[in-house]
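Student: Input: one structure, supplied below.
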Amino acid sequence: MTLVRPDVSAPLPVTAAWREGDHPGQRKFLTLPDPFPLQSGGALLGAKLAYETWGTLDPDGGNAILVEHALTGDSHVIGEAGEGHPTPGWWSELIGPGRVVDPARWFIVCTNALGGCQGSTGPSSLDPQGKPWGSRFPALTVRDMTRAEVHLADALGVRRWAAVIGGSLGSMRTLEWAVDQPDRVESALVLAGTAVASAEQIAWCYTQLSAIYSDPHWYDGDYYDKPVGPHLGLSLARRIAHTTYRSPGELEARFGHARQPGEERFAVESYLDHHARKLVRRFDAGSYVALTKAMTSFDVGRDRGGAEAALRRVTARVAVAGVDSDRIYPLEQQEFIAEHIPASGPLHVVHSDYGHDGLLIEAEQVGRIVADLLDP
Ligand SMILES: CC(=O)SCCNC(=O)CCNC(=O)[C@H](O)C(C)(C)COP(=O)(O)OP(=O)(O)OC[C@H]1O[C@@H](n2cnc3c(N)ncnc32)[C@H](O)[C@@H]1OP(=O)(O)O
Ligand SMILES: N[C@@H](CCO)C(=O)O
């Protein structure tokens, strides 16, 4: 079989669109304690966290909401394209002026996860000697990401979040906040997530990681001084991931067995190529690896006597939600979370044809859940 090399394999500079300094929006930066200790026992030196804020913090600090993005998101959760950022805010149907989470009422904070490539320190960032971290970037966990955000909350004067909300990787960070810092989270939306990464999730992630590792331009993660990055591997990873983010029924209904007009490719192949190309132009393979490994290592119960015991520590009012057609984060995982968090109601089921990506697409249904959470 001939592997059709899609046009993403055309040499893109290693510094594709994701480099820090590009598309900054209204980004601000918090310098983390130096060294910043990690759960692995390692540490990051000279690390920083990128974030954006909207609205005004009340004098009593009680109106702050933290929004946690999924794997390839960033701090730009609100806004139209063109406001210093090439794409619209990734949750702008839910969050923004006139939306359920309105900056006229709430002080909204969104970070770029530690390890990411949109301003926060990640593998592509320079170490204190001015060299990209690359393969020396230490293993990162979801707990490390939220511990960095604890410093941000302190710096912003937020003693207790009125709500922490997030989906997918963002739901893991949300859950970690609620378990690790129970006194600092009043309410939370845990959407399309899990308490412990399953073997199935690890397997799909490993397949994606293998695609990146097998790209000759990967150089074990030390490609930042090369003319070309591991874009082919990253694009394969995105094709695999994106398929898992959608449902079989939706793909069948949209594309069926049709060919892309005027081409030999199937339409669904063209669709995956399109999403692969878009990701390669906005995301760094090193960060993709670091964040994916943080997701596969996620176990909220590690060092806490297991997941059930960890979830029992949560004192926040929690809305747990999942998407009924999600094949990669199935509803059973959210049922488990809802069952073991003391102040969680029954699981909220978002009805969607779109699979896991329903967390982003079904903003109206998610909005109703968030509205009830904020005004019980
Ligand atoms: C919290 C966070 O997750 S942040 C990160 C969120 N952002 C992303 O994940 C970016 C990737 N985007 C997506 O995954 C999706 O666009 C979502 C989830 C945001 C929205 O899903 P949908 O509205 O269903 O978009 P859909 O999956 O249909 O993709 C639409 C794109 O596919 C393209 N497309 C559709 N069919 C085809 C085809 N046969 N061939 C080529 N391209 C196609 C469309 O032209 C459109 O392109 P554009 O986005 O460049 O305008
Ligand atoms: N499609 C989203 C959701 C993944 O969980 C992303 O790329 O981040």
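Note: Cβ is positioned from N, Cα and C throughout, glycine not excepted.
Because the structure is a prediction, the values reported are computed rather than measured.
The feature active site, nucleophile is assigned by TrEMBL to Ser168. If you look up TrEMBL, you'll see Asp326, His356 marked as active site. Residues or ranges marked as substrate binding site by TrEMBL: Arg238, Asp357. TrEMBL lists 64-360 with the feature domain 'AB hydrolase-1'.
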Student: Please identify, among the recorded positions Ser168, Arg238, Asp326, the one with the smallest Cα-Cα distance to His356 (active site).
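Tutor: In terms of Cα distance, His356 (active site) lies closest to Asp326.
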Student: Fill in the CA-CA distance, Ser168 (active site, nucleophile) to Arg238 (substrate binding site), as an integer in Å.
Tutor: 16
Student: Where ligand 2 binds, which of the recorded positions Ser168, Arg238, Asp326, Asp357 are close by, with Cβ under 6 Å?
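Tutor: So the answer is Ser168, Asp357.
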Student: Just to confirm my parser: what is the rounded mean pLDDT across the domain 'AB hydrolase-1' (64-360)?
Tutor: 95
Student: Just to be sure I understand the contacts, which recorded positions have a Cβ under 6 angstroms from any atom of ligand 1? Candidates are Arg238, Asp326, His356, Asp357.
Tutor: Asp357
Student: Please list, in sequence order, the residues in the chain of Arg238 (substrate binding site) that are at least six apart in sequence and whose C-beta is under 8 Å away from its C-beta.
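Tutor: The answer is Gln208, Leu272, His275, Ala276, Leu279, Val280.
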Student: Could you measure between Asp357 (substrate binding site) and Asp326 (active site) for me? Cα positions, answer in whole angstrom.
Tutor: 8
Student: If I restrict to non-local contacts, at least six residues apart, and a C-beta distance under 8 angstroms, what lies near Asp326 (active site) in its own chain?
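Tutor: Listed in sequence order: Ala192, Ser247, Gly355, His356, Gly358, Leu359.
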